[in-house]
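First the structure, in the form of structure tokens, and then the observations on it.
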Amino acid sequence: MVDLNGISPKNKGYYVALGLEGSANKLGVGVIKQFVDGSPTEIVSNIRDTYITPPGEGFLPRDTARHHKNWCVRLVKRALAEAGVTPGQLDAICFTKGPGMGAPLHSVVIVARTVSLLWDVPLVPVNHCIGHIEMGREITGAQNPVVLYVSGGNTQVIAYSNQKYRIFGETLDIAIGNCLDRFARTLKIPNDPSPGYNIEQMALKCKNKERLVELPYTVKGMDLSLSGILAYIDSLAKDLFRKNYSNKLLFDKKTHEQLVTVEDLCYALQETLFSMLVEITERAMAHVNSAHVLIVGGVGCNLRLQEMMEQMCMDRANGHVYATDERFCIDNGVMIAQAGLLQYRMGDYVKDFKETVVTQKFRTDEVLVSWRD
């Protein structure tokens with residue numbers, strides 16, 4: 001059993017951490033308490049502000065960084081006030097080291113360094129992916145599941161072994177969230193609250209579910225490729241908008257009647273992408289002899305993905321799917337605080353400010369998970 005109490009807490013019986021997340025367009029600040037006796041983590045503040053662009057547009061690093069720079073200090077003040085915590089009570093300040101977009105990461109780490117010096121509180125650099133996993137484990141109570149990590153920047157199937165989160169399969173090109181977001185831009189649907197959520201809602205309106213539009217399905221062993229399916233469905237959407245009657249898949253050859261709607265395309269995209277995810281996840285479960293799946297990351301909020309994963313798990317003895325809602329699936333500060341405080345309690349925190357340099361590339365399996373057996 002790992003001893004997590006090697007460093008004494010400032011507060012009697014519990015540790016307090018401030019978490020700062022800003023690797024993409026979500027800026028999250030959270031405050032948590034972890035207890036010496038091993039009681040469940042208490043989330044005392046979880047605030048988020050999202051940089052939202054107009055329909056049909058993505059978010060540029062420089063604009064996202066400007067948003068984070070303008071809002072980060074205000075969110076820190078709000079989070080501490082909401083939590084009823086003073087800077088003197090903080091055991092650690094945790095920030096996202098990577099992976100993510102360079103400029104937004106820099107905006108947030110500058111705030112983390114500044115308040116660390118002002119308040120004389122240790123800094124803890126956190127891997128974004130590890131934050132998702134540890135928050136998911138804490139909220140759901142999942143002990144040792146296969147993890148499906150699906151977000152705008154990452155698509156990985158992960159399992160724990162020998163103090164590392166090992167990657168068993170991943171995307172070979174773009175992430176699933178990026179695929180959904182880019183298709184949403186093609187359709188020019190709103191980015192509020194998120195493109196993926198709006199695609200999910202459009203898919204629910206599909207009236208031709210028995211006539212699934214056939215899309216490329218590219219699974220290569222434990223890995224998958226998503227750029228081909230995006231290019232193909234983009235071309236279908238553009239033909240639909242241009243009313244390209246020569247496309248026999250979309251229009252009747254004789255009457256030019258429209259056979260496929262935008263909602264049909266959204267439904268087909270979700271069904272195909274999620275089927276690929278279920279396949280590689282089940283393969284990983286068989287490999288490590290696990291019956292449990294934990295879904296984390298922004299795309300993990302999708303109820304259809306959760307439903308398809310549950311259907312797969314029903315065929316396995318004692319199969320179970322663990323998932324959280326948008327408070328914890330979508331990027332947030334408390335997940336960084338959760339993973340960071342575990343690191344801090346094992347003595348893993350910044351001794352030299354050179355260790356606070358952020359990075360756009362930081363793989364899940366690079367981190368020593370010292371707080372687990």
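Backbone N, Cα and C atoms are what each Cβ position is placed from, and that goes for glycine too.
Small disclaimer: the values here were computed from a predicted structure and weren't measured.
If you look up Swiss-Prot, you'll see His128, His132, Tyr149, Asp331 marked as divalent metal cation binding site, on the strength of sequence analysis. All protein chains considered, the CB of Asp331 (divalent metal cation binding site) has 27 other CB atoms within 10 Å.
Sequence annotations record features per position, and here Swiss-Prot assigns substrate binding site to Tyr149, Val150, Ser151, Gly152, Gly153, Asp181, Gly196, Glu200, Asn302 based on sequence analysis. With a cut-off of 8 Å between CB atoms and residues at least 6 apart in sequence, the same chain places His132, Ala175, Ile176, Gly177, Gly297, Gly298, Val299, Gly300, Asp331 near Ser151 (substrate binding site), listed in sequence order.
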Assigned conformation of Asp331 (divalent metal cation binding site) - DSSP reduced to three states: coil
Listed binding-site residues (Gly153, Gly196), ranked by Cβ neighbours within 10 Å, top entry: Gly196
Nonlocal residues around His128 (divalent metal cation binding site), in sequence order (Cβ under 8 Å, 6 or more apart): Glu21, Ser23, Thr96, Lys97, Gly98, Pro99, Gly100, Asp331, Ile336, Phe362
Neighbouring C-beta atoms (10 Å sphere around the C-beta of Tyr149 (divalent metal cation binding site)): 26
For Gly153 (substrate binding site): DSSP state (helix, strand, coil): coil
